[in-house]
Structures are given as C-alpha cells and as structure tokens.
Amino acid sequence: MLDPNLLRTEPDAVAEKLARRGFKLDVDKLVALEERRKVLQVKTENLQAERNSRSKSIGQAKARGEDIEPLRLEVNKLGEELDAAKNELDALLAEIRDIALTLPNLPDDEVPLGKDDSENVEVSRWGTPRKFDFEIRDHVTLGETLGGLDFASAVKLTGSRFVVMKGQIARLHRALSQFMLDLHTEEHGYSENYVPYLVNHDTLYGTGQLPKFAGDLFHTRPLEEEADSSNYALIPTAEVPLTNLVRDEIIDEESLPIKMTAHTPCFRSEAGSYGRDTRGLIRMHQFDKVEMVQVVRPEDSMQALEEMTGHAEKVLQLLGLPYRKVLLCSGDMGFGARKTYDLEVWLPAQDTYREISSCSNMWDFQARRMQARCRSKSDKKTRLVHTLNGSGLAVGRTLVAVLENYQQADGRIEIPEVLRPYMKGLEFIG
C-alpha cells in the first residue's frame, strides 16, 4: 500500500508515477475525499471536546445543588452527534483505504517507461544456445516418449493444466528442487522454511493478492462469504506465507537482513491466460517453485535486489542453461513491485527465451500493509522494513529447460553434472 501521507500531500506526483504504469488515478476524487476527511476530523474533535466539557459541568453543577437535567440532555445530544460524526468519518476512511488498496506500487526512477513486455530492457546474457544437428523435440514430446510426463492421466484426475510425472522424470523434478534449496541455504545464506499451503485473507492482503487479484486464487469458500477462521486460499507462491512471517512484528535492525527460502507447490487459476501456453508445463494450475524472500533495512533494498537476482542466476549457471536478464518496464511490473528483473531461459523448441524467475523489490509496499517494522538499538523510533522476493527457480519450467537443452539425438536426456549426486550418479534418462 502506498504511503497515505504521500497521497494526501502529493496526489499529482503520485498520479504522474502511476500513469507510467498505465494506471489512472482520480486525483479530483482523492482531493475531495481528503478535504471531507479534514472537515469531519475537526468536527469530531470539536464535538468530543464539547462533550467532555459539558460532562465536567454536570459534576460541578451537581456540587452546587443546581438542576443538572438540562446539562444531561445536552450531553446526551452531543453524544449522539459525536457518534454520527465518528460513523461518517469511519465510513470515509474506509472508502479512502479501499481506494489505496487498489493502487499499485510506484515505479522506481530507474524503471524504463513502457506499456508491456515488448518494451522491457535486456540487461545481459549468459551462455550460448546449443546448436543441434538433429530435429529438436519439445519437452512434451520428450517427456511423453520417455514415459515421464502424463498429461492424459492428469486430465482424467483433475482437468487441463495439470500433469502426472513418473519415474526418472519425477525424480529429476525432485532433484532440481533439492539442488536449489541446498544452493540457497548452504551458499547464499537463506534459512529453509516449511510453510502452510493454505492461508487466510489477512495474509493475502499483507502481500497484495487481495483485494485486487482474488480471481487468480483458488478459495476454499466463495470469496463473497464473510471471512472467518475457515476461509482460506491456496498459496499462489511461497512469497505469501514467507513474507507474512514478519507481519505485525518489530524487528531489531541488527538482525536484518532476514533471508528465507521454501519449496512449495503454487496454485493459480490463470484466469487471464485463456488460450496461452496450453501445451506442456509452461503455464499450470499447480506447479512447484523454490522461493527466496528477503526482509531488509530500507537503505539496503536495492543492493539486496541485485544480490537476490544473482542468486537466481547462479542456479541457471550451475545447470549450464543459457539465459538473459531483463529489466521490466513500468507497464509490465507486478502490482506490488517497485523494480523487477526477470530471468528468461533459452528453450530450443520454442527458439526463444521464456521467463523462469522474477525478482522484485517491493520497497515498503507490503510492509505497510503488514505493519512490519524495524528499530535500531540507538533509536526508539520504528520504521517500515523493505521486502523482496524472487523465484529461485520455478521448478517445472527449469525441468522444461533441462529436457530441451540436454536432449540427445536418440531421445535420451543428459543429466546436468550438478544434479547427478541427487540422481544416484545417473548420467542419462532413457
């Protein structure tokens, strides 16, 4: 959520930055609501002061033996007016908050202006795409031929955009996630976490999935029903539970940064992607991901973004997968992000780079929603932390990249060297 003080004092500047993201802020409405809030705030405070004064007068009049009934009636009337003013102010504040919850984060000044992914800026490339002297097969053909990817059974069990993995392909999928976790915990300084796959609405508000993206989630009960302790949603990413671990906390600055990782399934309705990537593992309702989250001091967050992106890059480098690093333009960034890098891995069968990791600095956007703060020993004042998240990596898409980049002419798949210890020394599948 954006800083309410910024919305109050610099609405035009906020509107200009939001316009870079293609979002139109109704400044006139916001200014009118703010003016009304000021009036109601003063009215409420004046009524409260007047009521307190009159209440005090009752005691004084009673001590003098005077008739207190007129004063008592006046105090009761003031109380009714005060309650009405408070209710009106609360309703207005709720309206302002509802507007604030729909506003995306402001883009950093370094973010290039653009409408969509066609205007993202390539930062660098690593590795050289392999040249094949045989006809390239895509991951679906490779996986089905090897008996390791069974989409037909998944359709029978559930529906489209699901898969059953079997045998050595399933084992390779597991090996990838174990390799990623080991790398991040043993070399990159993250602590491993096991988190719930179902979360409540407060958690989803904290990281920004609600209220705007309710339709992208799988809910245990209709969202229209009143939220209670049994109203959950499946996590779209481990970012949600991991980041919310610091919700409503005041953290000693000396303990920052906090670096967390988790391997979880992720569940997404893909409501806005009808007809896109219908073949294979690229866009699934259920997929695994190893997530990285950092909670840092505000002054450290941009450097932390570079570090985190480097951690995701290291996975690809050790796997020997060619990729490119892209800085997202203002129109392509996620709702809560201030600055984002995407890593796109080379997929030979598609003859293009496809997203495999997204690393974002969320600034204080999530922290303000979660009321996650930090405090130094030398200063009693608290301040909002900054939060970051990144894929390290999407396991299914990494499997796709390994299958396609390491395929052999005879249909076998070579196992990348770093994965062989997780596969009991196996060098090839098939």
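Cβ coordinates are placed from backbone N, Cα and C, and glycine is handled just like the others.
The Cβ of Glu291 (L-serine binding site) lies under 8 Å from the Cβ of Thr237, Ala238, Glu239, Leu242, Thr261, Ala262, His263, Thr264, Asn389, Gly390, Ser391, Gly392, each of which sits 6+ residues away along the same chain. Feature annotation from Swiss-Prot assigns L-serine binding site to Thr237, Ala238, Glu239, Glu291, Ser391.
Look at Swiss-Prot and you will find Arg268, Ser269, Glu270, Glu355, Ile356, Ser357, Ser358 tagged as ATP binding site, backed by sequence analysis. Its Cβ taken as reference, Ile356 (ATP binding site) is surrounded by 25 other Cβ atoms within 10 Å in the chains shown.
For the binding-site residues shown (Thr237, Ser269, Ser357, Ser358, Ser391), fewest C-beta neighbours within 10 angstroms: Ser269.
When Cβ neighbours within 10 Å are tallied across all protein chains shown, the highest count among the binding-site residues Glu239, Arg268, Glu355 belongs to Glu239. Around the Cβ of Ala238 (L-serine binding site), a 10 Å sphere holds 27 further Cβ atoms from the protein chains shown. Cβ environment of Glu270 (ATP binding site): Arg161, Asp216, Arg283, His285 lie under 8 Å away, each six or more residues apart in the same chain. Same-chain neighbours of the L-serine site beyond Thr237, Ala238, Glu239, Glu291, Ser391, judged by a C-beta within 8 angstroms of the site's C-beta center, are, in sequence order, Val240, Leu242, Ala262, Thr264, Cys266, Lys289, Val290, Met292, Val293, Asn389, Gly390. Across the annotated binding residues for L-serine (Thr237, Ala238, Glu239, Glu291, Ser391), the two most widely spaced Cα atoms sit 9 Å apart.
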